[in-house]
Amino acid sequence: MVMQRTFVMIKPDGVKRGLIGEIISRFEKRGLKIVSLKMVKMSRDIAEKLYDEHKGKSFFEELVNYVTSGPVVCMVIEGDDVVQVIRRMIGNTDPKEAPPGTIRGDYALSKSENVIHASDSIEKAQREMSLFFDKSDL
Ligand SMILES: Nc1ncnc2c1ncn2[C@@H]1O[C@H](COP(=O)(O)OP(=O)(O)OP(=O)(O)O)[C@@H](O)[C@H]1O
């Protein structure tokens, strides 16, 4: 048993398309615990920090514009081996490769607008959580 916490964000397309309840419900039904939750309109500054690793890539500007285009729903989720469990529940970045039954496999419409983000390591989870939540929320 390896209890972990991860950071998950429903992206603007997921919020606009009314998928918040469906997505949170999948995590709850899987027995994962929602530790903290909030809807925010992200600033460009935070978006650039969140996607720091993609700075300089061709899609960086498009990515920052997209994640700041409307509200997102941020959450911290706890569970056994939760970083890997949630990455598997989300599916591949490109919805063409995401298996049916995964969140992106079922709902994502394109590689850039792909409904949801989740941290891919414990270290990233810590960093991303701290961009959106105060210590006292966690
Ligand atoms: N080739 C691309 N064209 C357009 N957008 C892209 C492309 N590759 C990645 N993105 C966007 O950047 C995000 C981050 O890319 P990354 O490779 O880290 O994928 P990911 O880890 O599956 O996604 P996320 O970090 O959002 O969970 C993707 O979710 C997508 O929104």
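Cβ from N, Cα, C; glycine included.
Listed features, source Swiss-Prot:
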BINDING   Lys11, Phe59, Arg87, Thr93, Arg104, Asn114  ATP binding site
ACT_SITE  His117  active site, pros-phosphohistidine intermediate
Notebook entry, point to check: If you count Cβ atoms within 10 Å of the Cβ of Phe59 (ATP binding site), leaving out that atom itself, what do you get?
Noted result: 12
Notebook entry, point to check: Taking Lys11, Phe59, Arg87, Thr93, Arg104, Asn114 as the record's ATP-binding set, what's the max Cα pairwise distance in Å, rounded to a whole number?
Noted result: 22
Notebook entry, point to check: So what sits near His117 (active site, pros-phosphohistidine intermediate) in its own chain, CB-to-CB under 8 Å and at least six residues off in sequence?
Noted result: Val8, Met9, Lys11
Note to self: Less than 6 Å between Cβ and the nearest atom of ligand 1 is the rule; apply it to the binding-site residues Lys11, Arg87, Arg104.
What the structure shows: none
Next item on the list: Could you tell me which three-state DSSP class Phe59 (ATP binding site) falls into?
Entry: coil
Notebook entry, point to check: Ranked by the number of other Cβ atoms within 10 Å of their own Cβ, which of the binding-site residues Lys11, Arg87 ranks first?
Noted result: Lys11
Note to self: If you count other CB atoms within 10 A of each CB, which of Thr93, Asn114 wins among these binding-site residues?
What the structure shows: Asn114
Margin query: What are the sequence-distant neighbours of Arg104 (ATP binding site), meaning same chain, six or more residues apart, C-beta distance under 8 angstroms?
Written below: Ile90, Gly91, Asn92, Thr93, Pro95, Ala98, Asn114, Val115, Ile116
